[in-house]
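Before any comments, here is the structure.
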Amino acid sequence: MERNNSKENVNSMCLMSPQQMHSDKDFKKLEIENSKCLITKSVNLDEAMDIIGFGSFHYYLLFICGSLFAAISISVTSVSFIIPSAQCDFQMTSVHKGILNGASMIGMFFGCFISGYMADSKGRKYTLIVCMLIDGIFNIISSVSQIYPILIFCKLMSGFGVSGVTVFYSYLGEFVSTKNREKFLCWMELFWTLGVILLPCIAWLVIPLTFRIEYGFFLFRPWNLFVIICALPSLIFSCLLAKLPESPKFLLAKGKHDETIDCLKFVYRWNNKTDDDFPVTSLTLPDQIYEKNNSFFNGLYNSILDLFTSKFKIVAINTCVIQFCCTASFYMMVLWFPELMNRFRWYETSYSGPKNMTNMCEIVSLFKIEPEEIDLKCNDEINQSVYENILIIGVACIPTSIIVPLLVNKFGIKLFLVLSFFGSGLSSACLYFITSSFENVVLSSIFEALSSLGIGLVFCISVELFPTEFRGVAVAIGSMFGKIGAVLGNIVVGVFIDAHCMVPIIVSCSLLIISGLLVLTLPRTGRSAIK
């Protein structure tokens, strides 16, 4: 009898919840006792994740996923260097350049649907690996393509692959307890920034090289090597990701109890650097097991239907509108900045008229595109200022990428979302008043830092707003609306930039303010465990 009572006392110690602990000593005592006993009573997954702790496994997981996130950043933005470098090889006109620039966006648009459904049906890790391999493989093929349609197809498929970016936040967030989750997810923005900084550095080192390998129909030049280098991170780090376990919340939502226990054992041993058995032997299964055995398209349709008929439909609609507004504004401005830089450079160096303009629109309206002269020699050189300006804008994003993760637990993710949207909206409005290249670079840097932060934080908060069975599809559909906004935003800029440049500025500012106001309507996050 005494032996049984002793066992019950030990188990009750193992089951002490974080709310029952009054000091760090209690927590350390709990960890010590957990290594000595087995919890035979079923505990929920959140209690089990408190036991595995937060340690070296999570830092390694962040490094792998963050590196893949940086690889996506490089893949998406590398086309801005490929177009001017490859225009002579493919004899690209402005129309051809526009199609190449939009191919990745179209791929991402369709990929969002499929990657979101795959994440909720096949698994987070499985989807990420497949998507990143698609991105890397088709970028490698594009590097040796000699025909323009093949290049377009490869960039389309690469865009399809990078649509898996939305799954990273779900995968990471489901490994972390409530205490560290928001802070942990916010560090992903720093990796995106590092990708933005690394890209012009790689381009600056590789593209100006002068080698030329020609063998019959085959031609290989520096831009081809640049594309290969940009593709390698996706392939390398996706192979490293394959060594990591599937998300425990996804496994348990599918009713895979034993696999969930194995996953937690793996993390526990890594974090605690011990060969001891994981003290939890039984987990409480969710009330409903979500098995999707339908055909692919029926399953995709049912997943979307289930989301927008559930109690989360209002939140889903809000996040879709927020994604549409903030992404439309982001791409309107970011893809417009190089054109603005070019026009300001022309105004400051070549314009011979009176230089007493009072706002940006007056300067922009002076720039007229003259009919191009026939030039027997195609020019595919990239001006050094292009590398420098993109590098400056990337470096400007570092402070916000560091400050937010350090303070998000104290002030909450919603505050930073509102500040980033209102701040970037104000910076876009101030564009009307700039009159020099320097002012343009400064405002471009501020806008890039705040708006890209806001887009990343929307993904972070979406992880907590939706339960496991809807999370992948909800985040992916929001991202899809963002891509629609990006396309429409670019159309607005193209139509109005010359004659009515105030229109894009007003639209961009308004969309960001709407995003900030809608964030205020979202439920509070960071206070409870994700479902």
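From the backbone N, Cα and C atoms, a Cβ is placed for every residue, glycine too.
Keep in mind that what you see is a predicted model, and the values were worked out from it rather than measured.
Feature annotation from TrEMBL assigns domain 'Major facilitator superfamily (MFS) profile' to 59-527. Marked as transmembrane segment by TrEMBL: 59-83, 98-119, 126-144, 150-172, 184-211, 223-242, 314-337, 390-408, 415-435, 441-461, 473-497, 503-522.
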With an 8 Å cut-off on Cβ pairs and a sequence gap of 6 or more, do the transmembrane segment (223-242) and the transmembrane segment (415-435) reach 3 or more such pairs?
no
Cβ pairs under 8 Å with the transmembrane segment (415-435): which stretch of 126-144, 150-172, 390-408, 441-461, 473-497 has the most?
441-461
Per-residue pLDDT averaged over the domain 'Major facilitator superfamily (MFS) profile' (59-527), given as an integer:
84
Please report, as numbers and ranges, the same-chain residues at least 6 past the borders of the transmembrane segment (441-461) whose CB is under 8 Å from any CB of it.
166, 168-169, 173, 182, 185-186, 188-189, 192-193, 319, 322-323, 326-327, 329-330, 333-334, 337, 340-341, 389, 392-394, 396-397, 399-401, 404, 413-414, 416-417, 419-421, 423-424, 427-428, 430-431, 434, 475, 478-479, 482, 512, 515, 522, 525
With Cβ-Cβ distances below 8 Å as the criterion, list the same-chain residues six or more beyond the ends of the transmembrane segment (314-337) that contact it, or say none.
307-308, 393, 421, 424-425, 428, 431, 440, 444, 447-448, 451-452, 454-455, 458, 462, 465-466, 470, 474, 477-479, 481-486, 488-490, 492-493, 497, 504, 507-509, 511-512, 514-515, 518-519, 521-523
For the transmembrane segment (473-497), sequence-distant contacts whose Cβ falls under 8 Å of one of its Cβ atoms, 6 or more beyond its ends:
102, 105, 108-109, 112-113, 115-117, 119-120, 163, 165-167, 169-170, 303-304, 307, 312, 316, 319-332, 335-336, 339, 364, 455, 458-459, 462-463, 465-466, 503-504, 507-508, 511
Counting only residues 6 or more past its boundaries, what in the same chain has a CB within less than 8 Å of a CB in the transmembrane segment (150-172)?
61-62, 65, 68-69, 72, 75-76, 79, 86, 90, 99-100, 103-112, 114-116, 119, 124-125, 127-128, 130-136, 138-139, 141-142, 184-185, 188, 234, 247, 459-460, 462-463, 471-472, 475-476, 478-479
In the same chain, who gets a Cβ under 8 Å from the transmembrane segment (184-211) while lying at least 6 residues past its ends?
58, 62, 65-67, 69-74, 77-78, 81, 85, 168-169, 172-173, 176, 221-223, 225-226, 229-230, 382, 386-388, 390-391, 393-395, 397-398, 400-402, 404-405, 408, 413, 452-453, 456-457, 459-460, 463
Please indicate, using numbers and ranges, the residues of the same chain that are 6 or more beyond the transmembrane segment (59-83) and have a C-beta under 8 Å from a C-beta there.
92, 97, 100-101, 104, 128, 132, 135-136, 139, 155, 158-159, 161-162, 165, 168, 171-172, 175, 184, 187-188, 190-192, 194-196, 198-200, 202-203, 207, 223, 226-227, 230-231, 233-234, 237-238, 240-241, 244, 270, 338, 382, 390
